[in-house]
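Look at Swiss-Prot and you will find C270, C273, C305, E312 tagged as [4Fe-4S] cluster binding site.
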Amino acid sequence: MHSESPIIRRQSTRIYVGDVPIGDGAPIAVQSMTNTLTTDVAATVAQIRALEKVGADIVRVSVPTMDAAEAFKLIKQQVNIPLVADIHFDYRIALKVAEYGVDCLRINPGNIGNEERIRSVVECARDYNIPIRIGINGGSLEKEIQLKYGEPTPDALVESAMRHVDILDRLNFDQFKVSVKASDVFLAVESYRRLAKQIKQPLHLGITEAGGARAGSVKSAVGLGMLLAEGIGDTLRISLAADPVEEIKVGFDILKSLRIRSRGINFIACPTCSRQEFDVIGTVNELEQRLEDITTPMDVSIIGCVVNGPGEAEVSHLGVAGSSRKSAFYEDGIRQKERFDNDNVIDQLETKIRAKAAMLDVNNRINVQEVEK
């Protein structure tokens, strides 16, 4: 029930990764990358399907060898979600996976080779109508740029990006997006800011090698949050040393917190104190697990007492405000006659949330049909 995001997004061109639009006002796409051995087709397919289940729009797959390229062919045949092939060092692998139906090619200018090799990749991408991501990384800049700047700097990352943007421009190829990732938040943010002023192409956001699940999520939220709040970014990946499924969840949580794109339930919950009338922490943790299948955007407030409970509930789709013996229940900001037993809040609220989600889905379908008329 909270208002729309006040963020004005940067204008960019539009490309498509498979059937997923990127840029020009399209929803910010959330993606992850498999961490299985690509040659283990069954494991890689299973992980891709797990990512798709939690809402991934795009999945990137590392293709380090020709054997991996042959495995990629089999993987592509077994999944529906768009796949990006991550190519380093050997440009010929890009040519091979293009034959196998890849939806996007990620190339790293720091190691893909000379302009003639890039030309070969671009011409192949053009023939197969495949977009490219120019993926700059602070840890793998070209040797001459490393020598020039001594260390990764915003100027270094942007210069590397612009070199290859210029190559694609000369080849009259405009179906590409760009990333300038770094593990340092300020370095990445400033690099993206500068690049956003110089090109119109979509930008893929990420803080590379951000760390483990907790620290990496925080670092990514800070860095990407700064950029997204300024309207910069058309697609993103959260890089965690963790289960890739967590990357998708964190990505959507960041977008949800900025009201840019919502998927599933936005739980508003207090940190608890001695005033709580029911187990708020246990309730939230249990409901988050039980309701992972709900994709309907919805605000649900779970507050343990009457200090902030009513106020939060009044701006939520559903809300519970703790009170002695029985807690108050709100729907669409209005307090209901029904009250929840404090020892059974989880089951009662789950039932209400599922019913509300179904109702909102019906209303959304009706609204879409009205617009289409």
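The chain as shown is numbered from 1 upward.
Glycine is treated like the rest: Cβ placed from N, Cα and C.
The Cβ of C273 ([4Fe-4S] cluster binding site) has 10 other Cβ atoms within 10 Å, all protein chains considered.
The Cβ of C305 ([4Fe-4S] cluster binding site) has C270, C273, R275, Q276, E277, A321, G322, S323 as same-chain neighbours under 8 Å, each 6 or more residues away in sequence. All protein chains shown were included, and the count of other CB atoms within 10 Å of the CB of C270 ([4Fe-4S] cluster binding site) stands at 20. Non-local neighbourhood of E312 ([4Fe-4S] cluster binding site): I268, S301, I303, G319, A321, each in the same chain, at least six residues away, with C-beta under 8 Å from its C-beta. Other residues of the chain with a Cβ within 8 Å of the Cβ centroid of C270, C273, C305, E312, the [4Fe-4S] cluster site, are P271, T272, R275, Q276, V280, I303, G304, V307, N308, G309, G322.
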